[in-house]
Structures are given as C-alpha cells and as structure tokens.
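Undergrad: Sharing a structure below in structure tokens format, with a few things to ask.
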Amino acid sequence: MIGSAVLLLLIVVAVAAPWIVPYRFDEMSILNRLKPPSLRNWLGTDEFGRDVFSRTLIGARLSLLMGFAATAVSLAIGVPLGLWAGYRRGRVDEIVMRSTDVLLSFPPIMLGLLLLAVTPPSLWKMIVAVGIVYVPSTVRLTRSVTLDLAGEEFVQAARARGERTSYILHAEILPNAWPPIMVEASLRVTFAILLGAALSFIGLGAQPPSSDWGLMIAEARPLIDRAPWVAIAPGIAMGITVIAVNLLGDGLREALDPRMHRKGG
Amino acid sequence: MAIYVIKRLLGIVAILAVMSVLVFAITQVMPGNVANILAGQFADDATIKAIEHKLGLDAPAYVQYWRWAGGVLSGNLGNSIIMERPVGPLIWEAFKSSALLAILAFIMVAVFGILLGVIAAIRQNRFADHAVSLFSYVGVSVPEFFWAIVAIIVFARYLNWLPSGGAGNISQGFWVWASHLVLPVLTLTLTLIAHVSRLTRSSMIETLRSNYVRNARAKGLPEKVIIRRHALRNALLPTITVLAIDVGWLLGNIVVVEAVFSYPGIGRLLLFAIERHDLPLIQAGILLIAAVYCFANLIADLLYAYFNPKIRYGHAES
C-alpha cells in the first residue's frame with residue numbers, strides 16, 4: 001500500500017516534473033555556483049549553478065523510465081524466447097538454454113560494460129543494454145513456467161483441437177504464465193534502476209548535461225568537500241524510488257503468488 | 001557426484017571458450033582503434049598503419065583470435081598494448097588486491113549478516129527485528145557508489161579518520177595498509193548484507209517453529225542452548241548457499257567500488273582497458289572474472305545439493 005502510494009506520487013512528480021520545477025534542469029547560473037540549500041534553491045546548486053532540486057526531480061523521470069523501459073526490453077525479448085523454448089523443447093530449447101548459460105556467467109555489470117563499450121554511450125543504449133542483461137533470467141523463468149503449463153489438460157485439449165502453436169502459446173499458455181513473470185519483473189525494475197545508475201556513474205550511460213541520478217553523483221564526487229548536497233540529494237531520491245518499487249513488488253507478489261497465501265493463511 | 005562435477009567443469013571450460021570469442025567479436029566492432037590512441041591525435045595514416053602492423057592488428061580477425069587463443073593455451077596471456085607489459089603479472093597483481101577486498105567483505109557479510117538475521121528472528125516483530133529490516137532494506141535500496149560517497153564524506157572528510165581512496169602498501173605499516181581497506185569493505189558489506197540477514201531471519205523463524213525445537217523447549221532446555229545447539233545449525237544451511245551466490249554479486253559491485261575509491265583492483269584495471277581498447281587486457285580480465293563467477297556458482301550448486309536433503313530431514317513435518 002505505502003509502496004504503491006509513494007510510487008504513484010513519484011510517477012506523478014516524474015511526469016509533471018518539467019512543469020513543477022522552479023528552474024530548467026540545465027539552466028546555469030555562474031554567479032550561483034555550489035550554493036548550499038536555501039529558500040531560492042531548496043537543495044542548493046551544483047558547480048555550474050544549476051538548481052539541484054530541479055535536476056533531482058527531472059532525474060526521477062530518467063530513473064523510472066530506465067527501470068521500466070529496461071524491464072520491458074527484457075520481457076519483450078525474454079518472454080517469447082522462453083515460451084518457445086519451453087513449448088518446443090528439443091534442439092531449440094537446448095540452444096536457447098546454453099546461450100543463457102553463457103550470458104549468466106558474466107556478473108550483470110560486466111555484461112552491461114561490454115555491451116556499452118561497443119558504441120558511444122547514450123541513455124537509450126544503456127536501457128537496451130540493461131534490458132539485455134536481464135533477458136537470460138526472464139527466459140529461464142518463462143521457460144520453466146511454460147514447461148509446467150504445457151503438460152496441463154487445457155493445453156493438451158487445445159493441441160487435440162488442432163490449434164496452431166502460435167495460438168496455444170499466445171492464448172493458452174501466456175495468460176497463465178503472466179503472474180510469476182510479473183512478480184519477477186517487478187523485482188527487475190529496481191535492479192535495472194540500480195544497474196543503470198551504476199553504469200551512468202561509471203560514465204557509460206546518460207551523458208552530460210543530463211540529470212540522471214547516477215551521473216549527478218559522479219559529477220558531484222570531486223566536489224563533496226565543498227558541496228556534499230549535490231551528491232546526497234540524488235542518492236536519497238534513488239533510495240526512495242527503489243524502496244517504493246520494492247514495496248510495490250512485495251505487494252504484487254503477495255497478491256499474485258498463491259503459495260504466499262497458503263503460507264500466510 | 002564426481003561425474004556431475006566433471007560435467008560442470010567441462011561446461012565452465014566451454015562457456016569460457018565461447019565467451020572469449022564473444023569478447024573478441026565485441027572488441028572488433030568497438031569504435032576507435034588502439035593504434036589511434038597509441039599514435040596520438042596528430043599521427044598520419046602511415047604511422048597508424050605501422051603500429052597496426054607491429055601489433056598484428058592488420059591481420060584478419062580470425063587469425064588474430066587464433067594467435068591470442070594459441071598464446072593462452074600455452075600459458076601466455078599476451079602483452080598489454082597500452083602499458084606494454086605482459087598481461088599475466090598485471091592481472092595477477094590487480095586480482096590479488098581485489099581478492100583481498102572481496103574476502104574481507106565476504107567475511108563481514110557472513111558474520112554480521114548471520115548475526116543480524118539471528119537477532120531479528122529471536123526478537124521477531126520487536127524493535128530489534130524492525131531495526132534490522134529497515135537497515136537491510138535501506139542498505140540494498142541505495143546503490144553502492146552512493147554509500148561509498150557517504151562513507152567518504154563522513155569518515156574521510158568530516159571525521160578525517162580514514163583515507164578517501166587508493167591503496168596502502170604493507171611496507172608503510174599495518175595501519176596505513178589497513179586504513180585504505182576499511183571504507184571499500186564497509187561499502188561492499190552494506191550493499192550485500194541484506195541478502196544474508198533476511199534469509200537467515202526467515203529460515204531461523206521457520207526452524208524455531210519446527211517440532212524438534214518445540215521438543216527441545218518441552219524438555220526444558222534453556223533458550224540459549226536451543227538456539228545455539230539446535231536451531232542455528234539447521235537454519236544456516238540455506239544461508240550457506242546464498243553466501244556462495246553472493247560471491248557473484250560481490251564481483252559485480254567490486255568494479256564500481258574500486259572505481260569510486262580508486263582502488264587498484266581488477267575492476268578498475270578492466271575499466272581502464274575497456275576505455276582504451278586494450279584487447280589482451282580486456283580478454284584476460286573478463287575471462288578471469290567470469291571464471292571466478294562460474295566457480296562460485298558451481299560451489300553454490302554443490303553446497304545446495306549437499307545440504308538440501310538434510311534440510312528436508314531436519315524438518316519434522318507433521
């Protein structure tokens with residue numbers, strides 16, 4: 001409950017940010033550099049005199065966008081592959097599973113690093129890279145759910161009716177496979193936000209003058225002696241966002257996972 | 001069991017081989033060229049061609065790969081192009097530094113994670129439990145680089161107790177050496193401890209509800225003895241496997257933490273190599289990290305297989 005309320009608020013703020021912030025996120029003011037928080041700049045200003053409060057709010061958009069878009073990418077690639085591998089079995093399954101083995105033997109951030117090292121960095125490339133990082137786990141989960149469902153009677157019935165494979169996957173298996181996939185995906189969102197921020201922090205994600213939180217913290221790092229607020233504001237914002245999404249994920253799991261009900265009741 | 005282990009080991013070798021091809025392919029399509037970087041901004045084409053020829057970069061991709069792979073199989077990892085030194089010792093030095101960080105962080109995570117988890121379970125739904133949940137929830141919800149910066153602000157700048165980055169040499173004295181390790185280890189611990197403490201808590205709570213614990217209580221054993229001698233041993237079994245999985249997480253986080261603290265480990269070396277397209281260094285670094293990661297996963301699976309039946313027997317289900 002708290003999670004969804006905070007997240008809703010965050011989404012509203014993120015969507016409305018350009019209209020509610022007191023300053024533009026890239027509006028510089030050379031006379032106002034590294035000012036501590038005040039009535040004029042609620043969270044102070046950074047080294048270019050940009051308003052930290054405005055930048056942090058705008059950053060919420062990027063962060064949420066990154067989390068949800070990267071998760072969407074991993075679902076868009078992973079779910080069809082998982083369905084296909086789990087239903088067709090045999091060689092297709094073998095090839096898909098061995099590929100996920102290879103991808104899973106990198107620590108996530110390494111895979112992100114490698115994918116991003118190929119081209120000049122940008123926010124969109126990072127979203128795709130983070131999405132790809134989480135494709136293997138999506139594939140595995142979808143496959144295992146599909147394997148279970150493929151043995152169910154309603155699937156066998158559909159097969160006996162002579163339905164096409166694409167119909168069975170789409171209309172019979174997928175609707176029943178969604179709940180566990182969604183629970184997993186809600187956890188992925190926070191991992192994606194954190195991984196994306198780490199990549200931006202290293203310099204392989206969003207580029208200046210973007211107000212991505214990871215990038216903001218990286219830019220504030222050399223100045224933490226004189227202006228710690230520039231680094232602290234986006235850090236706390238990220239903490240709140242991740243906790244809200246996590247709480248939402250926990251709620252989702254309780255609502256959708258029948259095993260949790262049995263344990264609780 | 002032996003056959004399973006051999007199969008998995010062969011699997012790891014296969015994965016590493018595939019990965020080396022993959023990394024090679026990725027570096028082939030990377031923009032920019034190591035020869036350009038070496039020659040500098042104002043070099044003419046002839047100079048660049050000469051450097052490419054000297055490094056063997058003008059050969060077809062598969063020939064380059066074959067040269068590299070042949071070298072690795074005969075124990076030669078090649079030379080770092082940028083630093084013009086053999087890759088082997090470079091990687092090994094960095095790996096030792098990183099391993100030191102990782103091992104210290106791992107011990108901290110294991111000891112304090114289990115301790116916090118047990119305390120939270122014993123004090124279920126009381127203040128200590130809520131405090132531990134809040135602490136671990138906040139710990140995982142904020143990225144490691146932010147904790148690193150907070151730690152630097154508090155301990156290095158404000159209190160001035162500890163250095164904010166770099167690594168000390170043992171020849172400068174123990175304290176100098178150790179003081180450089182404190183903040184990176186603290187940061188790594190903070191981001192990983194939640195896994196362990198939450199899992200220990202839930203499995204401890206489950207164990208404390210089991211019949212044999214009830215039995216022990218009915219016998220009149222003091223609560224301390226029940227927890228230490230009876231409950232803890234069984235409750236820790238799932239935690240052990242999670243600890244092995246955490247090694248993988250540690251390897252990922254260490255890259256970022258080393259970057260923040262300018263700690264001369266393998267993560268920073270790899271970032272350095274990727275920025276400069278130093279292929280032999282990238283290859284060796286990635287393969288080493290992937291190998292450690294694969295072995296950690298293998299050990300996690302083995303421990304799981306080893307302990308799992310015991311967990312089932314341990315639960316006297318009604």
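Glycine residues also receive a Cβ, built from the backbone N, Cα and C atoms like all the rest.
Just so you know, TrEMBL annotations never went through curation; they're auto-generated.
What TrEMBL records for this protein is below:
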- B:95-300: domain 'ABC transmembrane type-1' (DOMAIN)
- B:9-30: transmembrane segment (TRANSMEM)
- B:99-122: transmembrane segment (TRANSMEM)
- B:134-159: transmembrane segment (TRANSMEM)
- B:174-194: transmembrane segment (TRANSMEM)
- B:235-261: transmembrane segment (TRANSMEM)
- B:281-307: transmembrane segment (TRANSMEM)
Undergrad: The transmembrane segment (B:235-261): which same-chain residues, six or more beyond its ends, come within Cβ distance under 8 Å?
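TA: Result: 98, 101-102, 105-106, 109-110, 113-114, 117-118, 121, 143-145, 148-149, 152, 164-166, 183-184, 187-188, 191-192, 195-196, 199-200, 203-204, 206-208, 267-268, 270-271, 289, 292-293, 296-297, 299-300, 303-304, 307, 310-311, 314.
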Undergrad: I'm a bit unsure how to read this: which one of B:9-30, B:174-194, B:281-307 has the highest number of Cβ pairs shorter than 8 Å with the transmembrane segment (B:134-159)?
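TA: Out of the listed stretches, B:174-194 contacts the transmembrane segment (B:134-159) most.
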Undergrad: Restricting to the same chain and to residues at least six past its boundaries, which positions have a Cβ under 8 Å from a Cβ of the transmembrane segment (B:281-307)?
TA: 1, 4-5, 8-9, 12, 15-16, 19-20, 23-24, 27, 68, 77-78, 80-83, 87-88, 90-91, 94-95, 237-238, 240-241, 244-245, 247-248, 251, 266, 269-270, 272-274
Undergrad: Which residues, given as numbers and ranges, are at least 6 beyond the ends of the transmembrane segment (B:99-122) yet have a Cβ under 8 Å from it?
TA: 128-129, 132-133, 135-136, 181, 184-185, 188-189, 192-193, 195-202, 204-205, 208, 227, 232, 235-236, 239, 243, 246-247, 250-251, 254, 257-258, 263, 265
